[in-house]
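Trainee: The following block contains the structure, expressed as structure tokens.
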Amino acid sequence: MAQSEQQQQHHHHHQPPAKPTQSSNPFNPQMTTSPISVSAPNPSWFSPKRLLVMLCTINMINYVDRGAIASNGVNGSIGICDDSGICSAGSGIQGDFKLSNFQDGVLSSAFMVGLLMASPIFASLAKSHNPFRLIGVGLSVWTFATAGCGSSIDFWTIAICRMLVGVGEASFISLAAPFIDDHAPAPQKTAWLAMFYMCIPTGIAVGYVYGGFVGDNFSWRYAFWGEAFCMLPFAVLAFAMNPLQLKGSDDSNINSCVIVSSDKASRSSPASKSLNQLSRFSQDMKELLRDKVYVVNILGYVSYNFVIGAYSYWGPKAGYSIYRMSNPDLLFGGITIVCGILGTLAGGLILDSVNATINNAFKLLSGATILGAIFCFSAFCVRSLYFFVVLFSMGELLVFATQAPVNYVSLRCVKPSLRPLSMAVSTVSIHIFGDVPSSPLAGILQDHVNNWRVTTLVVTSVLFFASGIWFIGIFISNSDKFNEDGKEEVSTVDRATKKPLFEENTIEGAQDSGEA
């Protein structure tokens, strides 16, 4: 009672102006007023749907970059000389920098070094810094690194820039899905995630076309500069707008600043803060890895990505060897793009329609994967190219239906504060243990058996293993932990001082309700 009276006296003696001035201190205790009216705030122009469009566009640009650097127009080829001594000039990055095939391969995967190192760091920082601002930092790094790729002078400069592209991507990959999970309508959460992940195959396909067109008609450097130009407005937007709060992040974040609650906290040394961050990260990792549902989900995802990685790298070559396809790149690329888009959307819509729960997600994951494995396995058994295309397309459609459900489980089986770390560990795991080793391992197998049909059948059989792992998940006790952080109700002082993205003039609203 005494505290409440004191607050009222503060508020009575200091009548707030109609609009807060620059000199007003948002951390002043006088802002701790009686509970604010629950009347609906004036909606901001930036709605949840616009948030989805923004995140999907950023994801699309990111994967356009992946496709562009792999395109013939940007990647190019090294100059060669025929038997008669006539030499042709090289083209693209490989031709300009005279790269070996090994160096060229390093460039295609160099981003992964930055991605794998920075993902856990950004996920950990999301608990003590505003996640929306962290995305802004990441997009800024991505923009400058991509522009640096276009301005590079040799192999090492472009390799370092590609690593920094991965660092920039890390912030977005860890935090975008939790933001969508927070603001998507309850009946459509998985469908919104599906739309986000659908941008992966779409972006890569657009990147192939974009890189080929720009590289052939202008220069491969303009392709990178164009990507940086397209991403720059989103990096600026992430800093210019009122920061969006992420459920489960520390309530002490206001805009891009961290509230210092006491003089002692303000005097803490950088070393002490780093140790606290490291300690918190260690505790979070232990909690994450003790979660049986999460571990089972990621093990299934790693096995699934093992197959997808081998398909994407060796598929065209295997298809040409087995069926003597006239244009295996176009055929495999076309099947992957169409089935990737339709399958990813279908998986999200189906899970929403049957009631999105972790248990139903595991059922969909297991069922779709085993059916997809049967179709893909059968495709590589048949002799007819026509039947192969039909069966493989059906298999890919089913396999890609897992994208939204598997990420839904990763988001919902952990409490909100662990979601960024959950997505980061998921991304790191599926690359380190999935698609990165699958291509060389499949190559080693092919060297031993010298039969692409046998190799593809062995690789495809891993999908049955993935389905079995996800099937186990159905019987593990689980619960949706979306509301388990105990931070869903923001305190009165936070409501008076925070200015969320979807509300405008929150501080003014707090003062007006106090006057009333």
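Heads up, the Cβ atoms here are built off N, Cα and C, so glycines get one too.
The compositional bias 'Polar residues' annotation in TrEMBL covers 20-39. For 51-479, the entry in TrEMBL reads domain 'Major facilitator superfamily (MFS) profile'. Annotation source TrEMBL lists region 'Disordered' at 1-39. The transmembrane segment feature in TrEMBL is assigned to 106-125, 132-153, 159-180, 192-210, 222-240, 293-314, 330-350, 454-477.
Please go over these features one by one and say how buried each is and what sits next to it.
Mentor: Beyond its flanks by at least six residues, the transmembrane segment (132-153) meets 58, 62, 65, 122, 125-126, 160-162, 164-165, 167-172, 175-176, 179, 221-225, 227-228, 231-232, 234-235, 237-239, 241, 243-246, 255-256, 501 of its own chain at Cβ-Cβ distances under 8 Å.
Within the chain, the transmembrane segment (159-180) has long-range Cβ neighbours (under 8 A, six or more residues past its boundaries) at 51-52, 55, 58-59, 62, 65, 69, 106-107, 110-119, 121-123, 126, 131-132, 134-135, 137-146, 148-149, 152, 189, 192-193, 196, 244, 246-248, 407, 411, 416, 419-421, 423-424, 427.
Remote same-chain residues near the transmembrane segment (330-350) are listed as 190-195, 197-198, 200-202, 204-205, 208, 311-312, 315-316, 319, 364, 368, 389, 392-393, 396-405 (criterion: CB distance under 8 Å, separation of at least six residues from the stretch ends).
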